[in-house]
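Peer 1: Pasting a structure below so you can have a look.
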Amino acid sequence: MLKPSPIKTFKISQFIEAFAYSRQAIELVWSTSRKLTIVLMIATLCAGLLPALIAILGQYIVDSVVSAHELRLTEDAEKAQTTAIYWVLAEACVIVVLAASQRVISVCQSLLRAQLGEKVNVLILEKAQTLSLSQFEDSEFYDKLTRARREASVRPLALINKLFGLLQNSISLISYGIILWHFSFVALIILFISSIPVFISEAKFSGDAFRLFRWRSPETRQKIYLETLLAREDSAKEVKLFQLGNTLLKRYQDIFQKLYEEDKKLTLRRDFWGWALGNLGTLAFYSTYVWIIIATIQGSISLGEMTMYLLVFKQGQSAISASLTAISGMYEDNLYLHTLYEYLNQPVEKHLGTTTIGEIANDGIRFHDVSFQYPGSEIKTIKNLNLHIKPGQKLALVGENGSGKTTLIKLLTYLYKPTHGKITFDGTDLNDWHIPTLHKKMSVIFQDFMKYQFIVGENLGAGNVDKFNDASAWSDAAEKGLSAAFINNLSDGYETQLGRWFKGGQELSGGQWQKIALSRMFIRPDAELLILDEPTSAMDAKAEAEIFSQLTNYTEDRIAIFISHRFSTVRTADHIIVLKDGTIEEQGSHEQLLALNKTYAHLFKLQAKGYQ
Ligand SMILES: Nc1ncnc2c1ncn2[C@@H]1O[C@H](COP(=O)(O)OP(=O)(O)OP(=O)(O)O)[C@@H](O)[C@H]1O
């Protein structure tokens, strides 16, 4: 349901909103290219001043023509004619300079557009590297990131273009004002005052559009999400088979209809008032027109002056309307920059840990009374958990869906921090570790591992940036991860492009992707801790058993933690932990847990029965 519109009465502060981010936009352009910004400023100044000069030259041309006409039968005829021609030539020269400055403006804008778009995109992506997982999982924040990315290449420059356009028109208007002053100060005031109402109305309605746009961002987000569902390959299967297409399309159109109705109302009101108040300007313009004509007929101004004033009037009016359009567009560009800077200025927690060698060698991992609550959640996902995992230990985590297994891994890998208690690795609190060093000691595969749309080799190399392009490391990892056999059967072996995004890409089966992901884990030979969060669910039981025996072969003195719902695999672990609602319900070896005859034994027997 759409909430009632937030449109309120016009305030001057709303008008100022249009310029709120202009300083940042200029700084951004300045830091992108000082040379281009300076050239753009000079060209804008010329393009602003020259129209007034052209109007003045127009007056000299007409006056010199009139005087040459009067002198045509005297001996000064030729001199007067030459003067008139000189003025025409002068005007032609100024026109050439004006055209050149307009061209320079357009060239600068094109060059800046490319550079600025790249700069803003890099700023956004650099910032993304500093964000925590919880920030990525925060829907509003994620929305800011996507919106910032979507329009990064156009908005900042659009604001700059409008700002410079406004500057150019303002310079023109001031110069026209100075010219008009000579005719009549009163006329100048009348024209100025008559343009104020339409100016206020434009600012008010643009402000309304700006707030409307910001306020209904959730609906816009929903629309974008539906668009993605309807037009992406990863959702196409379900959308087709469940025949969801029409339902989703209907929802998409309904949202559009609601937004459209609001836009329509605003557009109608805006244009009605724009027209009504604009008439005041036209009335003032034509009254002054009559005034100028009478003054010319009565001889108080020359024919040339009349031409100049009328030209200045006409151009002044179009400068005013161009300024109004620029201001209304600036609200929208400001909205974008508001989102961009909100995103870029988002505080990131500085990690101060520097430890690269743990205090107690070979102490393994310890959870000390660890509790954890997801941001925004009311309940604890992990509750007062104590645990010691020794080097060389093969630990299996089991438990119902939602019991907290993956969360425990996220805490262990420092993707989240405990809300209470601490986790140590080799005796040192994770908070005190130098995080890149700590992460180098780990090799992790989550159930929702990445399927990179890269070549096979790079998909393996992604597990270790130092080996990203190392073909011998790729094949070694593939051997260990049991993916070598099927990779060698692919058309281009390790060079085969994977996925459907790029031309010639080959799609793999679920189990094959999992084998690739598992091999990725083996490309990090120095990892002291291997974690497998259910990455074998799509494999057949034989392949899973093989993987785990490989894991045991290669991880003798290292910790291996795996989550699996398959008890045939779980039973091979030295130590099994059964999690329930974020606490350890029972733990021990397979035999010990069977002897305990509680949850584990029950689940094991249940599954074993299924195989009989
Ligand atoms: N990012 C998140 N934000 C808030 N709550 C979350 C988040 N991720 C998981 N949860 C909640 O935490 C609880 C534990 O989830 P977790 O993924 O750790 O379970 P799991 O034991 O790994 O389950 P499964 O066997 O289904 O993979 C669930 O109730 C889930 O709803």
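For all residues, glycine too, the Cβ spot is worked out from N, Cα and C.
Pulled these from TrEMBL:
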- 38-62: transmembrane segment (TRANSMEM)
- 38-332: domain 'ABC transmembrane type-1' (DOMAIN)
- 84-105: transmembrane segment (TRANSMEM)
- 185-205: transmembrane segment (TRANSMEM)
- 272-294: transmembrane segment (TRANSMEM)
- 365-606: domain 'ABC transporter' (DOMAIN)
Peer 1: Quick test of the contact rule: Cβ under 8 Å, at least six residues beyond the ends. What residues does that give for the transmembrane segment (84-105)?
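Peer 2: Same-chain contacts beyond the flanks: 39-40, 43-44, 46-47, 50-51, 53-54, 57-58, 60-61, 64-65, 68, 164.
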Peer 1: In terms of Cβ proximity under 8 Å, which residues at least six beyond the ends of the transmembrane segment (272-294) contact it?
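Peer 2: Here the qualifying positions are 183-184, 187, 190-191, 193-195, 197-198, 201-202, 205, 301, 306, 309-310, 313, 317, 320.
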Peer 1: How does the model score the domain 'ABC transporter' (365-606) in terms of mean pLDDT?
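Peer 2: PLDDT averaged over the stretch: 90.
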